[in-house]
Amino acid sequence: MTVFLSFAFLAAILTHIGCSNQRRSPENGGRRYNRIQHGQCAYTFILPEHDGNCRESTTDQYNTNALQRDAPHVEQDFSSQKLQHLEHVMENYTQWLQKIENYIVENMKSEMAQIQQNAVQNHTATMLEIGTSLLSQTAEQTRKLTDVETQVLNQTSRLEIQLLENSLSTYKLEKQLLQQTNEILKIHEKNSLLEHKIFEMEGKHKEELDTLKEEKENLQGLVTRQTYIIQELEKQLNRATTNNSVLQKQQLELMDTVHNLVNLCTKEVLLKGGKKEEEKPFRDCADVYQAGFNKSGIYTIYINNMPEPKKVFCNMDLNGGGWTVIQHREDGSLDFQRGWKEYKMGFGNPSGEYWLGNEFIFAITSQRQYTLRIELLDWEGNRAYSQYDRFHIGNEKQNYRLYLKGHTGTAGKQSSLILHGADFSTKDADNDNCMCKCALMLTGGWWFDACGPSNLNGMFYTAGQNHGKLNGIKWHYFKGPSYSLRSTTMMIRPLDF
């Protein structure tokens, strides 16, 4: 603004200096217009003209108060007047400039205020638009950030849950791993102990094997010697058995002779007394008992369809008496490993071990209905029995098949004899239902069926050697399949006794 005013003042002075060469237009009315352009603003200044010519009156040229010099006096007065005039003009211009400056300042204030107000309004609107846009963008970004934050939180929650689950799984796995490690350590310790024990056992086992080898060699030598002794004993036993059979036959012949002599004496006494009674034969021990003979012993019976009488042992003491003994084992003195013919006709002594004979058993049980009772005794002194209400066997063509009904007794809840019918087998007559030939494997003659749960005609074993013997005297449901009994007795009695 100061530069502008200085420029205006300088222009006014120059204009005044050159006023002598200018003309006033009659239209201007004695005024002069000066227009100044400053930026976008244009300012017009109206300057008043001085009345009269540029020169002062001649009276002023000769003012007595003017300074005088050595130069011509007329020119000095003119210069003084001119300076005074210029000073006066300068004062006027100064006043006008002050007015102009005041006017400009006032106008500039209002214009600047208006400009500032417009600028502020424009800036405010722009700022409002920018602020609105920023608020919208901020809200949108906030919403997006909220969504992202929600997603991040959800993902973080999932990750935290997964992390917790993984932590739990890891903890469980670590716990299981520790347990398994402890178990492995315990197993390792046990294995170490077991290995140590195994080493010790191997050493002991080697020592025992060496001892057993020595004992085996000694036993083999002993077995060889015993085998030779047994063979010699068998030979002697066979010879003794042959001699015993001869003696038994001689004894039977003597008993028959004595019996005949007794009968003859009885007949002679009756004839002498004038009384003659008809002799009544006994069919079995029941008839003997009913005839008044109640003492156990050997009696002669007459069996239907048999050509000769038969000596039998009658048990008159057990369960009412009247029992005909058909089989008895007690001491192993008689060999029961015999053939078909011997089992057919019987063998042994009725007062000891013997077998009555299948043909005689068939003949007796064909006379009437009989009950079978089997008495058993083990090596511990325990007695038991099995009883069958109905008992009979078939003829030789039927292989002396066994028929039984109605089992009772104390020698097992089940029958050790085959109830549905089994054929009799011996070492030379295999009639069983097994491909193994039970009579050869189990010894003796019996109703084996498929080797079955019983064999009372098996090998006799003494005390201490009677265990684990499948071919012994066995009754399965009393003492098991491999226990050999001490004594057995098979006897029959009429059902209606």
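Using N, Cα and C of the backbone, Cβ positions are placed for all residues, glycine too.
The signal peptide annotation in Swiss-Prot covers 1-15. Residues annotated as N-linked glycosylation site in Swiss-Prot, with sequence analysis given as evidence: ASN92, ASN122, ASN154, ASN243, ASN294. As annotated by Swiss-Prot, coiled coil applies to 153-261. Among the features that Swiss-Prot reports, domain 'Fibrinogen C-terminal' is placed at 276-496, with the record citing sequence analysis. Per Swiss-Prot, the feature disulfide bond maps to CYS285-CYS314, CYS438-CYS451; the stated evidence is sequence analysis.
Proximity to ASN294 (N-linked glycosylation site), defined by a C-alpha to C-alpha distance within 10 angstroms, is shown by the following recorded positions from ASN92, ASN122, ASN154, CYS314, CYS438, CYS451: CYS314. Neighbour counts of Cβ atoms within 10 Å were taken for the disulfide-bonded residues CYS314, CYS438; the minimum is at CYS438. In this structure, the CA atom of CYS438 (disulfide bond) is 31 Å away from the CA atom of CYS314 (disulfide bond).
Here the domain 'Fibrinogen C-terminal' (276-496) has a mean pLDDT of 93 out of 100. Considering only the recorded positions ASN92, ASN122, ASN154, CYS451, the residue whose Cα is spatially closest to the Cα of CYS285 (disulfide bond) is CYS451. All protein chains included, ASN92 (N-linked glycosylation site) registers 15 other Cβ atoms within 10 Å of its own Cβ. In the shown protein chains, 28 other C-beta atoms lie within 10 A of the C-beta of CYS285 (disulfide bond). Ranked by Cβ neighbours within 10 A across all protein chains shown, the glycosylation sites ASN122, ASN154, ASN294 are led by ASN294. For CYS451 (disulfide bond), the same-chain residues that are 6 or more apart in sequence and have a Cβ closer than 8 Å to its Cβ are ASP432, CYS434, CYS436, CYS438, MET441, LEU442. You'll find the Cα of ASN122 (N-linked glycosylation site) roughly 43 Å from the Cα of ASN92 (N-linked glycosylation site). Here the Cα atom of ASN154 (N-linked glycosylation site) is found 107 Å from that of CYS314 (disulfide bond).
ASN92 (N-linked glycosylation site) and CYS314 (disulfide bond) are 193 Å apart (CA-CA, integer value).
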